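According to Swiss-Prot, the features are:
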CARBOHYD  Asn50  N-linked glycosylation site
CARBOHYD  Asn149  N-linked glycosylation site
CARBOHYD  Asn222  N-linked glycosylation site
CARBOHYD  Asn279  N-linked glycosylation site
CARBOHYD  Asn310  N-linked glycosylation site
CARBOHYD  Asn465  N-linked glycosylation site
CARBOHYD  Asn527  N-linked glycosylation site
CARBOHYD  Asn576  N-linked glycosylation site
CARBOHYD  Asn610  N-linked glycosylation site
CARBOHYD  Asn682  N-linked glycosylation site
CARBOHYD  Asn723  N-linked glycosylation site
CARBOHYD  Asn732  N-linked glycosylation site
SIGNAL    1-19  signal peptide
Amino acid sequence: MWSGIPIFALLSSIGIAAAETGLDGWLRYASVPCNGNCQRALPSHIVTLNSTRSSPVYVAGQELQDGLHQILGKHASVKSTGCSTDSSIIVGTVEAYRQVCNAGRQVPQLDVDGFWLSIREKSVLIVGQSERGALYGAYEYLSMLAQGNFSQVSYATSPHAPIRWVNQWDNMDGSIERGYGGPSIFFKDGVIRQDLSRVQQYARLLASVRINGIIVNNVNANASLLMPSNMDGLARIADIFRPYGIRVGISLNFASPSTLGNLSTYDPFDSSVIAWWGNVTDQLYARIPDMAGYLVKANSEGQPGPTTYNRTLADGANMFARALKPYGGVVMFRAFVYDHHISEDNWYNDRANAAVDFFKPLDGKFDDNVVVQIKYGPIDFQVREPASPLFANLYKTNTAIELQVTQEYLGQQSHLVYLPPLWQTILGFDLRVDQKPSLVRDIISGQRFDRPLGGWAAVVNVGTNSTWLGSHLAMSNLYAYGRLAWEPTLDSEDIVQDWIRLTFGLDRRIVDTLTQMSMESWPAYENYSGNLGIQTLTDILYTHYGPNPASQDGNGWGQWTRADHLSIGMDRTVKNGTKFSGQYPAEVAAMYENIETTPDNLLLWFHHVNYTQRLHSGKTVIQHFYDAHYTGAETAQTFVSQWESLRERIDAERYQHVLTRLIYQAGHSIVWRDAINNFYHNLSGIADEKQRVGHHPWRVEAEDMQLDGYVPYAVSPFETASNYTAIVTASNGTTGTASATLDFKTGTYDLGINYYDMYGGKSHWTVYLNDRVVGQWQGNSEDVLSHTPSIYLDGHSATRITFRDVKIHKGDRLKIVGKPDGVEPAPLDYVVVLPPGIVD
């Protein structure tokens, strides 16, 4: 039971808190009103049935003491002896409760890491199957209090699956691959950081949502992590995580015996290689006795692996598994294996087939402490994919699902995208193996195929930024991941409401507003990025951030759309295409094979159709594209006004931080909308029935203005500039001026200016009306926003600034002065003069 419903009406009108950085996340333990009667109804003592400081039970006692004080102003003493339930919280394991208190008969049956929480007036029992479970129960109790829930309860809960891990793609130099929240909290300059204070804070957050394992380094691993001095550093990290019930594991580079060990081979059948890995494993466990195990990316995207020596992927995984077996360690072996040099000229080639092609023949050949870690979809964390068919093809192999909290393809934390509704499309999908219920969530738990291991992994990539992920709102995804890994049937809306109450307080207006924004965010992003199963139409060859649909095709990466002037989509049918649909069990395969039974939202994933193909909605494919992109961008505009309605209810620091990102998202969603619509309008030659695409009556194109020191510039990709053209200063030392006489009716408008904010310079612009300064700004988004910057004029650097409520008279003279800096030539795309209520 995680839900917390405030029982005091006054809690819905709590005022603004002091400024907050976000460092505490959902563990901020904000004060909840608790008068004298409330205070007297709370326990006065905390009994921890383990006094060892490295014990999660001891930590539970400290968390309870701190939480009671911060949330309710209650000072509770902590002791490790006694079993009196009078005005006490007793926290410990089932075994300790039975031994020390001569009790425990009433404790329900618990699975590994499960706990029982019993609240009876001033008597609280928190009993875990393990010490980790006891800590989880303590966090559960505190979560209830922090949400104003003082209910008397008695219930037991156990995890959905034994493996609930997070992955960090941290590099030894301190950078983080696909990380948008600052540098690594673990590594710097090739070694483990001396200051690991952020690690302890991260451990608290993870434990509070019941995460029990972490891989601390990038799957594209650097063998230098295995040097003795770095092993010592890993031990320091593990010592910090241990009291929070979190076991540390590491990613391995398959070729380490050669690159680090100076062996002539890394063949997994070679005795010297086997011995080398055995010695490394022994050294690690000597330092970290409870190490979780290894994560391995092999024979994928240039990473070395066993197939170099004509060994199977199972051969490679089992080599590590046997080294770990004496210590109880686990190998998480990624199923993300594919050839990124395949030819699109072959109609039957399909990257989506790779996982099943590689792993299905190996089912039953992996050792029992190997878990195959499978991305939720067949390609790569796209805005919508079908469930990976590999889940339905490994009956005799342990599996785990791989999700992504970091928004690599989904806005990189510069766009609000609440991900659980996307994840639930996969977790709740019934693969119908052998015509029996086979939900993905029941397969990864081990339940469906009676497997001993299984579970969850999520790529998180927190960094040293005080918001952890680069955005306050993005933390809802980390919170929700932990919640779902424990209980995947939870409702996405209920989860985000709990997170909102814990993060922003109990004000009903805040809860309702942020719930609406969050639940609308993924559909909006899908609408303005890529829909109908076409994938996220981002630049797959560069940043994975802004729009560039052409980048999907014409290369070996296999994220093809096969779009031409007549048709679009991948034919993945057995009858005519790549035969991918046939990788599913019969009932699902039949659904996807037939265009009539394929859901519209996956039509272009499974079928190659004309732009004029009618959907079940009655719209053509191309008109759906146009409409969806306009709808998505319009929704993104509403996020700003919704958030602004909370101005007086949220501390200024977090309010402004979020507002900056939502304003940016509103502008960038229009960049996305126009780029995708212009691209397919140009490609298909089919007009928008509503005459919006290519028609912008409120715009003034920069290249049509009177230019002095500015020159026109043909932007590439062409669709990422209005009318395909921008302006740049004639040189990096030249100030540019663009002027125009405005031919709009006299009135009050929002004045928007679309420009490009490139990495490598911080240009400065000033906008004037009749020589009166309207506003000025600097191109410094690389210092403000989290997404990967670009050195080009493109869909990544394109953005908008808006000056609101500007009084304009017909015939006013608009002037923009741009001063270049570094490599950035003060680029401008267009000006838009928007009447109230109009979305450009």
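Here the Cβ of each residue, glycine as well, is placed from N, Cα and C on the backbone.
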Densest Cβ environment (other Cβ within 10 Å) across the glycosylation sites Asn50, Asn576, Asn732 belongs to Asn50
Cβ-Cβ distance under 8 Å, sequence separation of 6 or more, same chain as Asn222 (N-linked glycosylation site); the residues meeting this, in order, are Asn171, Met172, Asn253
Whole-number Å distance separating the Cα atoms of Asn610 (N-linked glycosylation site) and Asn527 (N-linked glycosylation site) is 20
Cβ neighbour count (10 Å, all chains) around Asn149 (N-linked glycosylation site) is 21
Per DSSP (three-state), Asn465 (N-linked glycosylation site) is coil
Sequence-ordered list of residues in the chain of Asn723 (N-linked glycosylation site) that lie 6 or more positions away and have a Cβ within less than 8 Å of its Cβ, or none, is Glu701, Glu703, Tyr830
When the glycosylation sites Asn465, Asn527 are compared by other Cβ atoms within 10 Å, fewest goes to Asn465
Cβ atoms other than its own within 10 Å of the Cβ of Asn682 (N-linked glycosylation site), all chains, total 14
Given the glycosylation sites Asn279, Asn610, the candidate whose Cβ has the fewest other Cβ atoms within 10 Å is Asn279
Argmin Cα dist to Asn50 (N-linked glycosylation site) over the glycosylation sites Asn149, Asn527, Asn576, Asn682, Asn732 returns Asn149
Asn682 (N-linked glycosylation site) and Asn465 (N-linked glycosylation site), compared by Cα position, are separated in whole Å by 41
Integer Å value for the Cα distance linking Asn732 (N-linked glycosylation site) with Asn465 (N-linked glycosylation site) is 32
Asn149 (N-linked glycosylation site) to Asn465 (N-linked glycosylation site), Cα to Cα, whole Å, comes out at 31
Closest by Cα to Asn576 (N-linked glycosylation site), out of the glycosylation sites Asn279, Asn310, Asn465, Asn527, is Asn527
